[in-house]
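Structure first, then comments.
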């Protein structure tokens, strides 16, 4: 018998079966988990590591970023925001220096043309070609600025002169990463040694593509659609959905701040040449606060060349200092900046790498600095922590296993909403006490004591309380899955037709 026919010999009827009107516990969990993982994994743009990482260590570093983005989403966002603001300032500063440099080159170019009037057209054409080659470099963009901030420019450090252990070298290139202050210094004093590669050469090494962005946007759109449809249908949201929505908003803000940042580039651009070696020696010596020999000898242009008792690095640093015409005051100011990161003497453990990353995230959120930049970071961080906490208010009247857990949830929600504001107020109050101490010398010891007591108390109380609140909310959101009311398993009428991962 023909399998396409029924037992009565007629064609089978056309059938359309709608999706189930209910969902299970695992479906809720898998939807929230997949949304969180896709969002965080796509949004995290880590910096270039100081040493080349193997496959397992690279995944371990990425997992560390994901862990912090899960438990400290606001701190990761502030780190991304700080990099974005630094990138914008770096582009503005580079354009400022390049404009001044361009004017100088035009003046020299036309003066040479005047001097070579009688030399014929060929000399003028050669000057034009030379000018186009030297001044026709790629204009800097936010991609270049992010690339510089993420450790994209490094000095080659001679293995024979480094402190790296022989067994850890393995013919591996040892490199010293140029920090933001070092990039800004070189842009001002020695811009020609910093290569500006085309944007395509950077993006080709980036692991970001349109598919990653499409998956992130599609999944977030679906999840927000699902939550909105449940609210419109007067169906309750689970606590895990509330937490996922809060993480999604924070992750989306992080992704927007890192939109122009290359994703997971493994290899930086090596700055090479004799002038680069001199600049590396100078920045390293100033960074390590070994500036006394420089201050004593920088005024003598020939000392470094004729005195054979100087060490090689000091001689290189002195030549750079003489070329830059650095004053003693500038040297003192530079010694307070992070100019270069010296290469690690050995491969760091995973735990040490995680702790260093945590220190970077906390330092970015320390509200240090002055002026408009610090105010912007402070205002945005305070606003984001408040918004991140306010999203959890959707679980204010949710069904909890016990009344105690509901009270703890409400306390944790209020704590997350207010911790950012409290930390900002603490920083402002400390700055106020510092200014007051400068104006009133008689009260200075007392005001300084109050300032440090207040700051230490804020540091001891606020961060642990915030971390405990975040941890409790995550744990409670999973625990509540096993105590949901029947309405939580009802699927909203129209959101299920949107394509998604669950």
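Note: Cβ is positioned from N, Cα and C throughout, glycine not excepted.
As the structure is a computational prediction, the values presented were derived from the model and not from experiment.
Checking the ranges 26-44, 45-63 against TrEMBL, the transmembrane segment annotation falls on 26-44. Among the residue ranges 338-360, 407-429, the one that TrEMBL annotates as transmembrane segment is 407-429. Here the transmembrane segment (449-475) has long-range neighbours at 70-72, 239, 243, 392, 408-409, 411-413, 415-416, 419, 422-423, 426, 429-430, 433-434, 437, meaning same-chain residues at least 6 beyond its ends whose C-beta is under 8 angstroms from one of its own.
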